[in-house]
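Have a look at the structure below before the remarks.
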Amino acid sequence: FCLMAVPGKVAAFHLPPLPTVGEIIKLFRLKAQKQLSQNFLLDLRLTDKIVRQAGELKNAHVCEVGPGPGGITRSILGAGVEQLLLIEKDARFIPGLQMLSEAAPGKVRIVHGDILTYKMDKAFPKHLKKNWEDEPPDIHIIGNLPFSVSTPLIIKWLENVSKKDGPFIYGRTQMTLTFQKEVAERLTANPGGKQRSRLSIMSQHLCTVENCFVIPGQAFVPKPEVDVAVVHFTPLVQPKIKQPFELVEKVVQSVFQFRRKYCFRGIETLFPENGRLKRTEQLMMTANVDPTLRPFQLSMSHFRNLCNTYRKMCDEDPSLFVYNYREELRHKKMMRNLLKSTSQPKQIEEEDHL
């Protein structure tokens, strides 16, 4: 590597000549695994474009999730970052990433591990911490995520945003991530849009979410059946719904459980069978929500009112929050099966007697 000294300017970082990403794939005989929903992005113009969406990375600390053969990694290093943490689950990619690490001495740290279990609260130096109300810290998370992990991972990180822990212990850490185009549309959907979903509410009540641009499927190797979108997240100083993450998630999940029906049908599932109708009416009247609206028609203020009212009802009756509609359905089904099995021997006895 070399630092090109330019008079009057900060020296820019340049990677030395390296094998192309395609050559790395051939060299280490890397093959995208379908069961891990892996897709490689080889076009460095596109990886540069993804990295530009993250904002100014000069001297920043960056965590890249699932770098694979290292296409985006090169673009991040080219942006002049101070430190780059790579978290890669698939051991096959580690030798190629080590080659990049050697080309950028002291800049790259490689962790062979699973991002879903990795402790991000110790990933960066403590001096980078900022107060939540301040501008975001000089920390970024970037990743071309495998489709299989993208939704559970963003839900996990949104919970971290809500609790200000994990990578958000340092402040309002920004994220630039790829998703299937349809998932990106859900993340950014407005009320009334056909893609409005649980993901829309959970992400937008905690973050500013921007759908940056779409990458056609044919840009990836192997070509996925869908296009891919790049989404940028900046946590909000104040969430739009000031209630615990678990409570908001429970209300939102219940509402969208029957997305084609009137919203009261999903809201009913928040309450045990005994007194269900009365409590559903009480919640909807107090929250001022029209029971004949469809779930995708509800605005953020509707959800705020529903969550705030449900919280008061749970405070009055603590058993309410632990109630689980699906558990009640399973229990009913089990009891029906039990009754059937106990009535069968009696029937056989009567037939034998006859």
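Glycine residues also receive a Cβ, built from the backbone N, Cα and C atoms like all the rest.
Annotations in TrEMBL come from automatic prediction, not curation.
Over in TrEMBL, the protein carries these features:
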- Asn39, Leu41, Gly66, Glu88, Asp114, Asn144: S-adenosyl-L-methionine binding site (BINDING)
- 46-237: domain 'Ribosomal RNA adenine methylase transferase N-terminal' (DOMAIN)
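Confidence across the domain 'Ribosomal RNA adenine methylase transferase N-terminal' (46-237), taken as the mean pLDDT and rounded to a whole number, stands at 94.
Residues Asn39, Leu41, Gly66, Glu88, Asp114, Asn144, recorded as contacting S-adenosyl-L-methionine, have a largest CA-CA distance of 21 Å.
Annotation: Glu88 carries the greatest number of neighbouring Cβ atoms among the binding-site residues Glu88, Asp114 [cut-off 10 Å, Cβ to Cβ]. Using a 10 Å Cβ-Cβ cutoff, Asn39 (S-adenosyl-L-methionine binding site) registers 22 neighbours. Neighbour density for Asn144 (S-adenosyl-L-methionine binding site): within 10 A of its CB lie 26 other CB atoms from the protein chains shown.
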